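Below: one structure, written as structure tokens.
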Amino acid sequence: MEPFRNIGIIGRLGSTQVLDTIRRLKKFLIDRHLHVILEDTIAEVLPGHGLQTCSRKIMGEICDLVVVVGGDGSMLGAARALARHKVPVLGINRGSLGFLTDIRPDELEAKVGEVLDGQYIVESRFLLDAQVRRGIDSMGQGDALNDVVLHPGKSTRMIEFELYIDGQFVCSQKADGLIVATPTGSTAYALSAGGPIMHPKLDAIVIVPMYPHMLSSRPIVVDGNSELKIVVSPNMQIYPQVSCDGQNHFTCAPGDTVTISKKPQKLRLIHPIDHNYYEICRTKLGWGSRLGGGD
């Protein structure tokens, strides 16, 4: 296992807490005689940092490890940019839930130190590729670590669509939308819509209808290598949107097709050696502790 030498830092803008944590992290890494590289947008609000700066794309090409300081939203954005470069990513939580950024600020030096000493776990998380097509023309493409969501946008009207899996017709449906989520995204929007929690190691995709106008409609878990096709009804009067991780958005027209499949590149997500997925679920989702008051 090669030691990490070139460490990139990405952070969420607009937060003094994030900047304070980045300053601590920078000092800690420099004290360990490591080469530290700042994302250029963060460098602009850290005057006098004296470090090399670059874009996320370049960071993925030159770094051995990238540390993301922020919440899960910050990690989602970084993941889409860095997965293609296979650079491992570590998260320090400065958000709310922190399913992906699981190091607390108060344990920064201890946990990051363990990772630098080779004591860590690496998980591979797959991303989804979403393509919006109008006939043979591509109208938009996006990647998602959590989910791809078809929704009505600013309209309050229901969407009518057909769903196909691996070329086979599944159903037509009227609903407020449809969530297509990875195991990583199963604890995000899909969970709020009544979908199941899927362990990150599962090679599966969950399809969750949003308020379907059909009592028998339920979430479906399919093989992770499935190709999903959503055909927006040509008779609709609204223009629904497709959102990737809630951050990238594309507008569909009636009759458009949304194709969703797994991307070949995977995010390499690093956790501290004592990472416990079920403990995180228990803590973040408020599950009950052991009977008798144990941990």
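Each residue's number is its place along the chain shown, starting with 1.
Using the three backbone atoms N, Cα and C, a Cβ is placed for every residue, glycine included.
Taken from Swiss-Prot, the feature active site, proton acceptor covers D72. Residues near D72 (active site, proton acceptor) in space but far in sequence (CB under 8 A, at least 6 apart, same chain), listed by position: G95, L97, G98, F99, L100, T101, A188.
Sequence annotations record features per position, and here Swiss-Prot assigns NAD(+) binding site to D72, G73, N146, D147, R157, K174, D176, T187, A188, Y189, A190, L191, S192, Q247.
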Cβ atoms near N146 (NAD(+) binding site) (within 10 Å, other residues, all chains): 30
Other CB atoms, at most 10 A from the CB of R157 (NAD(+) binding site): 12
Number of Cβ atoms other than its own within 10 Å, given for D176 (NAD(+) binding site): 17
